[in-house]
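One structure is given here, and the rest of the page talks about it.
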Amino acid sequence: MALLALIIEPDPLLHEVSEAVAGLSDEKRVFLDDMLETMYHCGGIGLAAVQVGVLERIIVVDVPVGKEWHSSPLNHVGYKSSGGPYYFVNPEIIEFSQNLVPADEGCLSLPEQHYEIIRPDAVVVKYLNYDGEECLLKANGWLARCIQHEMDHLNGRLYVSHLSKLKHDLAIKKAAEIKKRHSEAD
């Protein structure tokens, strides 16, 4: 396995819509493993392919068991709230909970920043797994939040797009300053 280079905002690639994956080859599975290793190395709980420079509809997620939720979501029977790793190829959310909850989010592509984002507390997602099998996952809590966050990336959106224009613009400006500071340090 190999570590992949992380794309940091501002970068136009992060605002592109990712393309569907035609099929799962052994080469694609190596890429999935590399994504997961990169996510772990960077301390994340989710990663989208576009964040490592590949415009394909792929995300990996691994939410630690027992990760605290910052509010009291409904307990959805039959839904998973943590666990993994999950490999989502061509994921599609087919159902959103009507219950919206706030929680602080961060992003590997916007380092050193966290903002409160309001999202549905549960989703049902259809996807292909690591073996190319079609699956359906009912997720709530941090798992649902992470899936939604990563799927925003596949649609060319960053989580800060859920903020007011003022907060969004400040977050992007701060990201540019952080990226510049990190590149000067290298």
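Cβ atoms are placed via backbone N, Cα and C, with glycine included.
For the Fe cation site that Swiss-Prot gives as His149, His153, the extra residue drawn from Cys107, Cys135 is Cys107. Cys107 (Fe cation binding site) falls within a strand segment according to DSSP. The local packing around Glu150 (active site), expressed as other Cβ atoms within 10 Å of its Cβ over all shown chains, amounts to 26.
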